[in-house]
Amino acid sequence: MIRISIGVNRRLRYQFSSFAGYSGSENPRLFKTLGAANTPIPHRRNPEPKGQDLDFVNVAHSHLIQSDWDKLNKLSDHLDSFRVKNVLLKIQKDYLLSLEFFNWAKTRNPGSHSLETHAIVLHTLTKNRKFKSAESILRDVLVNGGVDLPAKVFDALLYSYRECDSTPRVFDSLFKTFAHLKKFRNATDTFMQMKDYGFLPTVESCNAYMSSLLGQGRVDIALRFYREMRRCKISPNPYTLNMVMSGYCRSGKLDKGIELLQDMERLGFRATDVSYNTLIAGHCEKGLLSSALKLKNMMGKSGLQPNVVTFNTLIHGFCRAMKLQEASKVFGEMKAVNVAPNTVTYNTLINGYSQQGDHEMAFRFYEDMVCNGIQRDILTYNALIFGLCKQAKTRKAAQFVKELDKENLVPNSSTFSALIMGQCVRKNADRGFELYKSMIRSGCHPNEQTFNMLVSAFCRNEDFDGASQVLREMVRRSIPLDSRTVHQVCNGLKHQGKDQLVKKLLQEMEGKKFLQESFNN
């Protein structure tokens with residue numbers, strides 16, 4: 001296959017700057033950026049098929065037109081990339097036939113495909129607005145190809161662009177596919193190269209890129225990219241602006257989020273419930289609950305009704321701040337305006353009251369949940385079990401564990417941790433350790449907090465043998481060890497005259513960065 005290279009410098013980092021303006025359209029000509037500094041689109045002359053190659057192309061074309069796949073199958077052994085390419089060029093006006101032949105050649109003789117054959121079918125599909133099919137082929141190439149292949153795909157499309165009388169949407173599809181695959185460097189390169197040749201991606205593809213960036217926590221880059229979109233006169237849509245609001249909120253720039261909300265009308269858009277919910281969540285995250293309530297009240301003035309997400313966000317904010325009366329008040333308002341609470345609503349309130357130790361209120365919300373036919377999940381029961389175990393009411397907690405079977409729910413790590421905590425509160429460390437073993441047998445994984453609860457419970461009972469057994473489990477599972485806990489266990493063992501056990505325990509901890517000298521006196 002011909003090795004392709006171009007003289008455009010590849011950007012391996014962002015060069016995004018300030019923003020301005022408008023653009024973006026389905027009309028291919030409007031993908032062109034203004035100005036005359038664009039690099040000309042190159043054109044490569046490809047050799048025409050001759051002799052046996054020409055005969056093959058003509059015969060294959062005839063069989064394709066007549067849908068005579070039996071005869072075509074007999075030609076499959078003679079396929080190569082040059083012949084496949086020229087057949088695809090000959091039938092490119094029929095995208096269905098092109099795709100059918102492309103897939104047939106891939107199945108019958110995979111070695112007959114090259115980047116050039118892929119490029120031609122991609123041009124054909126995008127010209128006919130079959131973007132999902134094009135992106136499916138691109139995804140297959142980019143995921144299953146070699147390490148250096150992504151960098152070559154743009155070049156292959158570029159050098160066949162004029163030959164196929166293509167449209168900029170072929171590069172747009174490449175950019176969007178890189179975005180969906182979270183290949184951010186390749187997406188950046190494609191964006192910068194598109195600009196070099198006078199093309200811009202659609203706002204939908206830009207949204208896909210920003211969404212992937214935000215999904216990976218790359219808020220700073222997403223916001224810089226938005227500024228570059230505006231500088232390139234790519235007009236945002238409401239989905240874009242809601243993502244930018246989310247980015248501002250996640251980076252703590254709440255004032256900028258509010259400014260953008262106010263600017264939406266100037267940009268030709270009405271704020272949506274998503275816009276307000278995003279800002280409400282941002283303010284709740286920062287503990288600015290009064291401001292969050294004001295935003296909820298602003299929704300009505302804007303002709304929007306708070307929905308279940310709005311109320312759930314506020315309830316979660318108040319519960320996290322342990323302002324449970326305010327959370328209950330929001331719940332009451334929610335029901336008053338006929339917004340139906342869901343599983344998330346009840347779970348948040350049940351968990352909040354359980355954390356506070358008010359099991360009666362938690363159980364009241366649980367009963368209301370049952371009466372209203374709201375689906376309970378493992379989080380519902382874990383919250384109730386946690387609240388009961390926190391108060392050492394392990395028998396009542398066990399009743400809810402039995403409820404899990406009736407609801408076809410399986411205990412998870414949080415369920416076992418709560419039950420272990422209950423036994424530790426009751427100073428039943430041995431029973432807690434038995435629950436730990438059941439937890440492991442069930443395939444659940446305890447965390448550092450669970451182990452430390454068990455160690456503390458054994459130490460309170462002055463059962464340092466049991467505590468050392470838990471420490472060994474922690475070492476075996478590479479759970480971080482707290483030096484004060486280790487000192488406490490080892491000193492307890494020494495006071496009981498179990499120096500050999502201390503020595504053995506410290507040997508097992510070798511390499512865990514604990515100083516043994518302090519235990520040798």
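Don't overthink the numbers, they just go from 1 along the chain as shown.
In case you wondered, yes, glycine gets a Cβ from its N, Cα and C as well.
Predicted, not measured: the structure shown is a model, and the values here were computed from it.
Feature list (source: Swiss-Prot):
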TRANSIT   1-38  transit peptide
REPEAT    167-201  repeat 'PPR 1'
REPEAT    202-236  repeat 'PPR 2'
REPEAT    237-271  repeat 'PPR 3'
REPEAT    272-306  repeat 'PPR 4'
REPEAT    307-341  repeat 'PPR 5'
REPEAT    342-376  repeat 'PPR 6'
REPEAT    377-411  repeat 'PPR 7'
REPEAT    412-446  repeat 'PPR 8'
REPEAT    447-481  repeat 'PPR 9'
REPEAT    482-516  repeat 'PPR 10'
So what's the mean pLDDT when you look at the repeat 'PPR 3' (237-271)?
94
Residue counts (helix, strand, coil, in that order) that DSSP gives for the repeat 'PPR 8' (412-446):
26 helix, 0 strand, 9 coil
Looking only at residues six or more beyond either end of the repeat 'PPR 7' (377-411), which have a C-beta under 8 A from one in the stretch?
343, 346-347, 350-351, 353-355, 357-359, 362-363, 366, 369, 418-419, 421-423, 425-426, 442, 444
